[in-house]
Amino acid sequence: MNYFNSLNFRQKLINLRKCKLVEKNFFSKKCDILKRKNIVIVGCGSQGLNQGLNMRDSGLHVSYALRGSSILNKNKSWENATKNNFFVDTYENIIPTADLVINLTPDKQRKEVVTLLQKFMKENSVLGFSHGFHIVEIGQKIRNDITVIMVAPKCPGTEVREEYKKGFGVPSLIAVHMENDPKKIGFEIAKAWAYSLGSHRAGVLHSSFIAEVKSDLMGEQTILCGMLQTSSLVCYDQLVSQGKDPNYAGKLIQLGWESITESVKHGGITLMLNRLSNTAKIRAYILSKKLKVMFSSLFRKHMDDIISGEFSKNMIDDWNSDDKKLKEWRTQIKKTDFEKCKICHKEISEQEYFDQGLLMVAILKAGIELSFEIMVETGIKEESAYYESLHELPLIANTIARKRLYEMNLVISDTAEYGSYLFSQSAIPLLKEFMNELCPGDLGEKISDLQFDNVTLNKINHDIENHPVEIIGKKLRKYMVDMKPIKLS
């Protein structure tokens, strides 16, 4: 039963709106509460491995629980754990010893896994998740004596590790399931877990399982994954149709997202637009307004289906059909020209990505603002909407820079991957049609400087800087004083 849909209207609003920045002084006890505790992570995929590495480096005792068949067959999860010198054992042997069990298995496996875990978990232990989908959308009941918490890093597992190694971290949402906090210790344990990942350096929001799920699904389906995937494919095809060398076009798109979104990470949409000439800024502003109008209905449909539970229902139906749609969409993406083009060795400077990617800048501006606006309209607090529409964006772009869409879809969850493909099915035809409106200088070449009046430029600058996502962004980025620049690919 969908837990969110079982709540009354007031309870839904209270949970959607729950979001408060945890001030740095609240982390004075670091992760001491978890020292000398047995922490067992279930599953050793991208999130499982990289969270475990961070926690161990923070002084915690971490081991892994895998299925007996996984250990016997020495599968990828077993290999991930053992190569990094973690202790691995079966559920029945290791779960009864755990004080904190962190379930990082894929969403589609969690009902079966959580049922099994509850058979072995000792009394008054803690069960952790890094995504609230199972609790909110599946609604499985958890044993009354078990405390249920969440620490949800706002990025793929690979970036959880990379940011930690830089001495920084990634923002996380933490929450305690209101049906399962018998000892009233959930918040302190979640806070310590977040600290061990390095999230205290980047920003920790005290949220709810519901707010995390609904905002996370919206962000990943639209601007974070769906829009980047859609735009990569359509912009690549457009560049090739304009006569650009296919391999150069591939590099411009693949590495362009990373270079452009790095500016967003440090200074929001304002800094991204400031990297353009004044003529290009005005043109990007105009294009982004048109893109917002064009994509508005599609973005709202995704939000509506997420809130109603329709998205989850359809995805679960696909799980029960052996991922028929998911597998078809994966195959389609793998066969695209963008994914198959060769590596280009021609040097492209950082500024050239901006100069030749004016349309890409406009797409990012439109997608960030639209997803943020619709989340806030729905009742999600601005802080949550910011992380899900803007801050996580460069972290996703980093994955595309490594191995294009293959890498992005590999490291994000199956739930994010399904939602991204679903969005692209409708978004690609829209963006292809929009390409007919492009002018020289919008994509693949630098726009010629034109005369403009100061009044127009001043108004555009004011509009960009005073959008609500920019206002909350300035506040939250003050928390991220130790944020490190990425080494561009």
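Note that Cβ sites are derived from N, Cα and C of the backbone, with glycine treated the same way.
If you look up Swiss-Prot, you'll see 16-207 marked as domain 'KARI N-terminal Rossmann', on the strength of sequence analysis.
Counting every protein chain shown, the number of other Cβ atoms lying within 10 Å of the Cβ of Arg67 (NADP(+) binding site) is 19. Annotated NADP(+) binding site per Swiss-Prot: Cys44, Gly45, Ser46, Gln47, Arg67, Ser77, Asp107, Lys108, Gln109, Gly157, in sequence order, evidence recorded as sequence analysis.
All protein chains considered, the CB of His131 (active site) has 25 other CB atoms within 10 Å. As annotated by Swiss-Prot, active site applies to His131, with the evidence given as sequence analysis.
What Swiss-Prot lists as domain 'KARI C-terminal knotted 1' is 208-343, and the listing cites sequence analysis.
Classification of Glu220 (Mg(2+) 1 binding site) by DSSP places it within a helix. Swiss-Prot lists Asp216, Glu220 with the feature Mg(2+) 1 binding site.
Taking Cβ-Cβ distances under 8 Å and a sequence gap of 6 or more within the same chain, the neighbours of Glu392 (Mg(2+) 2 binding site) are Lys154, Cys155, Pro171, Gly219, Leu224. The Mg(2+) 2 binding site annotation in Swiss-Prot covers Asp216, Glu388, Glu392.
Residues annotated as domain 'KARI C-terminal knotted 2' in Swiss-Prot: 344-483.
Swiss-Prot lists Ser413 with the feature substrate binding site, giving sequence analysis as the kind of evidence. Its own atom aside, the Cβ of Ser413 (substrate binding site) has 23 Cβ atoms within 10 angstroms in the protein chains shown. According to DSSP, Ser413 (substrate binding site) sits in a coil region rather than a helix or strand.
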Candidate recorded positions His131, Asp216, Glu220, Ser413, pick with smallest Cα gap to Cys44 (NADP(+) binding site):
Ser413
For Glu388 (Mg(2+) 2 binding site), list the number of other Cβ atoms lying within 10 Å of its Cβ atom.
28
For His131 (active site), the spatially nearest of the binding-site residues Ser46, Glu220, Ser413, using Cα atoms, is Ser413
Candidates Asp216, Glu220, Glu388 (binding-site residues) with Cα within 10 Å of Asp107 (NADP(+) binding site):
none
Would you mind pulling the longest C-alpha to C-alpha span across Cys44, Gly45, Ser46, Gln47, Arg67, Ser77, Asp107, Lys108, Gln109, Gly157, which the record has binding NADP(+), in angstrom?
21
How many Å separate the Cα atoms of Arg67 (NADP(+) binding site) and Ser413 (substrate binding site)?
20
Expressed to the nearest Å, what is the distance separating Asp216 (Mg(2+) 1 binding site) and Glu388 (Mg(2+) 2 binding site) at their Cα atoms?
6
Spatial neighbours of Ser46 (NADP(+) binding site) among the binding-site residues Glu220, Glu388, Ser413 [C-alpha, 10 Å]:
Ser413
